[in-house]
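Notes follow the structure.
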Amino acid sequence: MKKLFGTDGVRGVANVYPMTTEMAMQIGRAAAYLFKNGNRRHRIVIGKDTRLSGYMLENALVAGICSMGVDVLVVGPLPTPGIANITSSMRADAGVVISASHNAFQDNGIKFFSRDGFKLPDEMELKIEELIFSKKIDSLRPIATEVGKAYRIDDAVGRYVVFLKNTFPKELDLTGMKIVLDCANGAAYKVAPAVLEELGAEVIPYGIKPNGTNINAGFGSLHPEVISEAVKEHRADLGIALDGDADRVIFVDEFGNEVDGDHIMAICATDMLKHKKLRKNTLVATVMSNMGLDIAVKKAGGKVIKTAVGDRYVVEEMLKGGYNLGGEQSGHMIFLDHNTTGDGMLSALQVLAIMRRSGKTLSELAEVMIPLPQVLVNVRVTEKKDIMTIPEVAALIRGVEDKLKDEGRILIRYSGTEPLLRIMLEGQDKYQITGWAKEIADLVEKKIGGK
């Protein structure tokens with residue numbers, strides 16, 4: 001059982017355990033020790049988003065890693081997928097991301113990429129914890145002449161911009177397109193506008209003035225209403241919203257209607273099927289994806305495989321099965337032909353390329369999928385116990401499942417990063433499933449709720 005690492009690295013409130021400088025330094029030391037392999041000089045890339053606490057955690061990690069005789073390449077604020085990309089392109093031994101993704105600025109997190117740009121497997125995270133909690137790491141100290149150095153990589157943003165532009169078809173550009181772009185005052189505030197402008201688009205930017213405390217605050221992929229209003233106001237072709245570390249993207253079409261991750265997957269999967277580019281004709285999604293996605297992909301001659309929630313599990317399934325497209329309803333898209341992890345801007349470019357090639361608007365493309373009505377209710381809990389061990393709750397859930405039959409589904413799971421139980425229902429009748437979801441949520445709240 002892991003004590004520090006959750007579904008997406010170590011996460012918590014900045015300057016409160018485990019997100020302290022002391023723990024960050026220990027994590028850096030343990031990771032550096034594990035990534036060393038042989039007698040050569042080793043290098044680890046460190047990047048971050050725009051949170052104020054990024055400075056303190058970055059310096060603690062640099063100190064910890066250097067103290068183990070490993071050099072550090074500091075890239076500064078850069079999208080999470082950009083850090084993965086730079087890690088593999090610079091042939092570093094690992095990459096570290098300091099970010100809490102879409103969470104508020106008070107939180108921060110630390111996660112790792114292996115040398116090939118993929119997230120670490122659970123076993124490696126357990127080894128890092130074991131070294132820290134057994135105190136073994138305390139006695140491992142290279143002599144003074146063997147400690148590491150830290151270097152700043154000044155052109156990391158430029159390198160990533162070039163990489164992204166190279167994923168867009170050479171024969172196409174974005175001339176004449178008006179795009180509203182929301183960078184959530186996060187890590188993509190320089191990269192994303194540059195990519196779209198260099199490809200010829202007229203960009204109307206929002207959320208590009210980070211101050212350390214405004215990341216995700218009223219902007220970004222969790223607030224599509226910002227780009228929705230802006231698209232209508234500016235009569236733009238579409239809106240693109242990234243989250244704080246730019247590993248996910250949400251769109252709105254030319255009418256200001258939201259186009260979520262399921263629709264993006266449907267658009268990309270059906271286009272790739274048409275051009276015979278979808279490996280094994282299979283899309284990998286999670287159990288949170290709408291049944292409408294399965295129907296759309298099946299109709300186009302493909303199939304959908306479902307995994308647990310979390311882009312790391314999507315990637316694991318993709319690598320295991322040899323698939324090249326996967327994603328989540330929340331907007332994480334993984335195009336393994338191009339990158340190793342969820343990449344908001346890369347996904348946006350793939351959708352823009354389909355729009356350009358087909359001559360269709362985003363609303364026309366989004367018609368490929370008709371979602372079943374879906375309701376999601378979150379309940380704050382005091383403990384994460386197996387919900388089916390509470391007899392009244394289990395009986396209510398089974399009763400609802402019987403009523404839904406094959407016309408819908410119910411999915412109940414705990415958040416990997418917060419004390420929340422997520423209750424999701426899908427069915428033909430929105431009012432009916434809303435009532436059932438509320439009924440289950442109220443009962444859970446009564447039993448294990450925490451205000």
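FYI, residue positions are counted from 1 along the chain as it appears here.
For all residues, glycine too, the Cβ spot is worked out from N, Cα and C.
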Residue among Ser89, Ser101, Ser114 sharing the Mg(2+) site, where Swiss-Prot lists Asp243, Asp245, Asp247 as binders: Ser101
Residues flanking the Mg(2+) site, with Cβ no more than 8 Å from the Cβ centroid of Ser101, Asp243, Asp245, Asp247 and excluding those residues themselves: Asp49, Pro79, Thr80, Ser99, His102, Gly186, Ala187, Leu242, Gly244, Ala246, Arg248, Gly342, Gly344
Around the Cβ of Asp247 (Mg(2+) binding site), the count of other Cβ atoms that are within 10 Å: 35
Distance [Cα-Cα, Å, rounded] between Ser101 (active site, phosphoserine intermediate) and Asp245 (Mg(2+) binding site): 5
